[in-house]
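See below for the structure under consideration.
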Amino acid sequence: MKNINEWHHIFKLDPAKEISDEHLDQICESGTDAIIVGGTDNVTLDGVLDLLSRIRRSHMVPVVLEVSEEETLTPGFDYYFVPMVLNSKEKKYMMDIQHKAIKEFIDMMEFAEVYFEGYCILNEDAKAFQYTNCVMPDLDDVKAYAYMAEKVFHLPFFYIEYSGAYGDPTLVKEVKEELQNTQLLYGGGIETTAQAKEMKEYADTIIVGNSIYTNINEALKTVEAVKGN
């Protein structure tokens with residue numbers, strides 16, 4: 001299994017969305033470095049467990065649970081990513097939910113498997129932006145959040161999340177220039193190989209999600225586009 005800092009491509013699956021066994025097998029065998037299980041709406045423990053069991057049935061790809069609600073925490077994942085939404089106006093989305101989850105489930109998870117992410121959501125129309133009550137940052141704000149993620153909180157990841165919309169490559173480039181050790185993740189609106197390549201020029205890791213459900217063939221091509229498999 002690769003170290004996380006060697007991951008270049010991740011698929012993100014929403015346990016509240018339908019995916020056929022055929023498409024799930026294609027995702028798992030695509031050569032992606034990992035699969036994140038996570039979403040915003042209607043995410044339940046049953047949905048998380050069902051998706052995990054379907055992946056584990058015949059695949060060895062690393063699987064990550066993105067912890068947004070403590071009710072969906074369950075053993076069996078290789079890693080747990082805990083988002084801290086830095087541009088939320090509510091402390092609970094940066095600290096309180098995370099604290100509650102760790103307090104309740106710390107004995108269940110090996111701490112080496114738990115990684116905190118500095119999250120910055122940049123799409124005002126996204127459900128995640130509205131759900132976490134975010135404020136829309138400008139470029140200088142985002143660069144400052146990146147600085148905080150690395151220099152203040154010493155987080156392993158800074159995640160630029162456009163959540164369904166394709167983002168600004170120039171912003172991603174400038175944020176990357178602020179980071180030396182923290183790994184830059186980009187997610188949002190990647191639907192083509194050209195977009196995957198463009199964002200991968202600047203981000204350490206790209207995350208492909210929505211296009212799995214809208215155009216599976218193009219989504220699968222993004223793996224080779226950034227990894228050259």
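Any Cβ shown, glycine's included, is placed from N, Cα and C.
What Swiss-Prot says about this protein:
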type	residues	note
BINDING	Lys12, Tyr159, Ile160, Glu161, Tyr162, Ser163, Gly164, Gly189, Gly209, Asn210	sn-glycerol 1-phosphate binding site
BINDING	Asp14, Thr40	Mg(2+) binding site
For Gly209 (sn-glycerol 1-phosphate binding site), the three-state class that DSSP assigns: coil
All-chain count of other Cβ atoms within 10 Å of Thr40 (Mg(2+) binding site): 17
Length of the line joining the Cα atoms of Thr40 (Mg(2+) binding site) and Lys12 (sn-glycerol 1-phosphate binding site), in Å: 12
Those binding-site residues of Ile160, Tyr162, Gly164, Gly209 having Cα within 10 angstroms of Asp14 (Mg(2+) binding site): Gly209
8 Å Cβ shell about Lys12, Tyr159, Ile160, Glu161, Tyr162, Ser163, Gly164, Gly189, Gly209, Asn210 centroid, sn-glycerol 1-phosphate site members excluded: Asn123, Ala126, Ala165, Tyr186, Gly187, Gly188, Ile207
Number of other Cβ atoms within 10 Å of the Cβ of Gly209 (sn-glycerol 1-phosphate binding site) across all protein chains: 22
Span of Lys12, Tyr159, Ile160, Glu161, Tyr162, Ser163, Gly164, Gly189, Gly209, Asn210 around sn-glycerol 1-phosphate - largest C-alpha separation, Å: 17
Sequence-distant neighbours of Tyr162 (sn-glycerol 1-phosphate binding site) in its chain (C-beta under 8 A, six or more apart): Ile121, Leu122, Asn123, Ala126, Tyr186, Gly187, Gly188, Gly189
Other CB atoms within 10 A, centred on Ile160 (sn-glycerol 1-phosphate binding site): 27
CB contacts for Asp14 (Mg(2+) binding site) [other CB atoms within 10 A, all chains]: 21
Cβ neighbour count (within 10 Å, all chains shown) around Gly164 (sn-glycerol 1-phosphate binding site): 17
Three-class DSSP secondary structure - Tyr162 (sn-glycerol 1-phosphate binding site): coil
